[in-house]
Amino acid sequence: MRILVLNSGSSSIKFQLFEMQTKTSLASGLVEQIGSNSSRAVLKANGEVYEIKRFIKDHHDGLEAINELFTTSHTLHDLSELDGIGHRIVHGGESFFSSMIVDESVIKKIEEISPLAPLHNPGHLAGIKNAMKESKNVPHVVVFDTVFHQSMPEYAYRYALPYDVCKTHHIRKYGFHGTSHRYVCKQAAKMLGIEFDKFNAISLHLGNGASACAVQNGKSIDTSMGLSPLEGLIMGTRSGDMDPAVVIYLLNIGVLKWNEIDNFLNKKSGLFGICGSSDMREVVAKMQNDERAKLAFDMFCYRVKKYIGSYYAILGRVDALIFTGGIGENAPNTRQKICDDLKHLGIHINHELNFSDVRGERCIDEEGAKIKTLIIPTNEELEIAIETARVIKERTL
């Protein structure tokens, strides 16, 4: 069974082709700068790199370029050979509780909730509509970042704002990185020999975007991101949790204008706002001689540690603490700082294992630690492919 995964943005299409029997990647690539004179398409397969440099007008042209690259690389003769195409969708709102086969009603619902994710969902829709034209007889499946968190109870996802306003305008915590959290938790449960529906964990997806998730019996019961990805942990350029009155104050004193708020909170804050760098590698490298870099590092780790404590409180039993994402997988200093002084919770990492050059899925806790501390590299594309294959198989039963 061959599944193509598409992640369509406003001016790009990331793609990866999987053979599902072995769950291996056959090819991956990117179409970038769609609509620009600098547009191009690149595919990597069998150790070779294939490239198309030409003007790519829109997503339709982008998919034709992908098809051409598959043919040139002898990976596929045509998209019609595929068994399914899985599409990543950032926001499923309150409409979607699972991955679904795409039809007109699904497209209409995604269009209706696009105001919740104006930077992402329109690009996803463009990818879906054009891919369906290119491969009419291939089943298409949508996989939502928000679906894993739909199991949160209302007392966890509801904001303490006027109830009727929130209900009317669909204002609530949705959470993101759900595909990543689900994948790493499934891998962790398998690694520890625990049935997924009995698995409890605190999952930390730490990268330029960062979120924490409390998983109980294989289901998300709380997560740090909210209505948008802005809430929660400190991120590369996002503030994370803060008092909303800060924005009101800055507006009142003339430091900010209404049309500057989004950029201020999402692009100029976080690690970048504190020390001028959004890359944790640069922050760590500068810490010794830069007080603000050290402050940014300490603030980031402190915020993560607070979420670990709060999720420990609501879970009661925790089987594993999971690190994933660019920082979670590759920043031992950050992992060490986060886990310092958590022995009273049963979290105790081994210094040598934490700083080891070993890669892949691994356990880094001290022998006898109550809670297993794991590093699980995320693979959102594979999880989308797995979900796509599952939905297609269930439809044919």
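Yeah, the Cβs are placed from backbone N, Cα and C, and that goes for glycine too.
What you see is a predicted model, and the numbers here were worked out from it, not measured in a lab.
Listed in sequence order, Arg88, Thr179, Ser180, Tyr183 are the same-chain residues six or more apart from Glu380 (Mg(2+) binding site) with CB atoms under 8 A from its CB. The annotation Mg(2+) binding site is assigned in TrEMBL to Asn7, Glu380.
In the three-state DSSP classification, Arg281 (ATP binding site) falls within a helix. With a cut-off of 8 Å between CB atoms and residues at least 6 apart in sequence, the same chain places Ala331 near Arg281 (ATP binding site), listed in sequence order. Here TrEMBL flags Lys14, His205, Leu206, Gly207, Asn208, Gly209, Asp279, Met280, Arg281, Gly326, Ile327, Gly328, Glu329, Asn330 as ATP binding site.
As annotated by TrEMBL, substrate binding site applies to Arg88. Look at Arg88 (substrate binding site): DSSP puts it in a strand.
Marked as active site, proton donor/acceptor by TrEMBL: Asp145. The Cβ of Asp145 (active site, proton donor/acceptor) lies under 8 Å from the Cβ of Arg88, Ile89, Val90, His91, Gly92, Phe176, His177, Gly178, Thr179, each of these being in the same chain and 6 or more residues away along the sequence. The secondary structure of Asp145 (active site, proton donor/acceptor), as reduced to three states from DSSP, is coil rather than helix or strand.
According to TrEMBL, the feature site 'Transition state stabilizer' maps to His177 (among others). There are 29 other CB atoms within 10 A of the CB of His177 (site 'Transition state stabilizer'), with all protein chains counted.
Annotated site 'Transition state stabilizer' per TrEMBL: Arg238 (among others), in sequence order. Of all Cβ atoms in the protein chains displayed, 26 besides its own lie within 10 Å of the Cβ of Arg238 (site 'Transition state stabilizer'). In three-state terms derived from DSSP, Arg238 (site 'Transition state stabilizer') belongs to neither a helical nor a strand segment and is classed as coil.
Local packing around the Cβ, expressed as the count of other Cβ atoms within 10 angstroms, is greatest for Asn7 among the binding-site residues Asn7, Asn208. Note: the Cα of Asn7 (Mg(2+) binding site) and the Cα of Lys14 (ATP binding site) are spaced 5 Å from each other. Checked against Arg238 (site 'Transition state stabilizer') by C-alpha proximity, the binding-site residues Lys14, Asn208, Ile327, Glu329 yield Asn208 as the nearest. Under 8 Å, Cβ to Cβ, and six or more positions away along its own chain, Asp279 (ATP binding site) finds Asn208, Gly236, Leu271.
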